[in-house]
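Enquirer: Here's the feature list from Swiss-Prot:
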- GLU132: active site (ACT_SITE)
- HIS131, HIS135, GLU208: Zn(2+) binding site (BINDING)
- 7-26: transmembrane segment (TRANSMEM)
- 30-49: transmembrane segment (TRANSMEM)
- 141-161: transmembrane segment (TRANSMEM)
- 183-203: transmembrane segment (TRANSMEM)
Amino acid sequence: MGSRFRTTVLLAALTALIIWIGGAVGGSHGMMIAFVLALVMNVGSYWFSDKIVLAMYRAQPLSEADAPQIYRIVRELSASANLPMPRVYLIPESAPNAFATGRNPENAVIAVTEGLWRILTPDEIRGVLAHELAHVKNRDILVSSIAATLAGVVMILARMAQWGALFGGGRSSSDEDSGGGMLGLVVTAILAPIAAMLIQLAISRSREYLADETGAAFSHNPESLARALEKLAMASHQNPMEDASPSTAHLFIVNPLSGRSLANLFSTHPPIEERIRRLRSM
């Protein structure tokens, strides 16, 4: 199953989960409200997600005068990928990492931490930037924003189901089998958030493999990205980002939380070893 098809299936599963929860909480009217809520939140995510994440990490525009090598690499890769030149931002963070954001290629941003160019060679930096441009090319930022937003809607509806179970609400409260309806609300409140999280993680992991493959094609050097991933993974374990948020961890090229034991239980990224193996088999 291809990465794009798998992502489509998983997004459809998240949407179906939202509609199902809406039905469990409020019947046909609940299903409609759930759908509208998901739509409204997705529109907001589309327009404002990039501004929010850049502000979260105190990222500032990086001028070409301050980083001519970064700009030269990004310009060359953008031309190779047939993409507009993205804006480049700097994150004041010693842990080496990078991410891309923006609702479309015309509004794309690549953000790199101060620690990135301290430990990587120019070829390895090129591999990282190619990976981030691959996310832009594949519209992964839009996909991940939609997935995160839909997962947020699931959490809201699951909380509604929880309150419905506590206070005897739900569409089955007036039916003969009200106990079954109550049980359905309890099951929904417990399992729906877990299902949403697992689907979101599956989407994120699928898109990382695709970005590795596409980025290696842009740079014509999969080995440079493989070496960069090895260094970044080791640095992330030794020095995880202090201000990294679980809600945005999926944006980074390597998991910024990987040094924290609880974060490894449900990683937003596929195993580094498998990513490196795939790159070196290209």
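Cβ coordinates come from backbone N, Cα and C, glycine included.
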Enquirer: With every protein chain in view, what's the tally of Cβ atoms within 10 Å of the Cβ of GLU132 (active site), excluding that atom itself?
Expert: 28
Enquirer: List every residue in the same chain as HIS131 (Zn(2+) binding site), at least 6 positions away in sequence, whose Cβ is under 8 Å from its Cβ.
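Expert: Same-chain residues close to HIS131 (Zn(2+) binding site) (Cβ under 8 Å, separated by 6 or more) are ALA211, ASP212, GLY215, LEU225, ILE253.
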Enquirer: Give me the sequence-ordered set of same-chain residues, not including HIS131, HIS135, GLU208, with a C-beta within 8 angstroms of the centroid of the Zn(2+) site's C-beta atoms.
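Expert: Those within range, site residues removed, are ALA100, GLU132, ALA134, ASP140, ARG207, LEU210, ALA211, ASP212, THR214, GLY215, ILE253.
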Enquirer: Test of understanding: give the count of other CB atoms lying within 10 angstroms of the CB of HIS135 (Zn(2+) binding site).
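Expert: Summing over all protein chains shown, HIS135 (Zn(2+) binding site) has 27 other Cβ atoms within 10 Å.
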Enquirer: Cα-Cα, whole number of Å: GLU132 (active site) versus GLU208 (Zn(2+) binding site)?
Expert: 10
Enquirer: Measure the Cβ-based neighbour count of GLU208 (Zn(2+) binding site), defined as the other Cβ atoms within 10 Å of its Cβ.
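Expert: Summing over all protein chains shown, GLU208 (Zn(2+) binding site) has 24 other Cβ atoms within 10 Å.
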Enquirer: Quick one: what's DSSP say for HIS131 (Zn(2+) binding site), helix, strand or coil?
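Expert: Helix, per DSSP.
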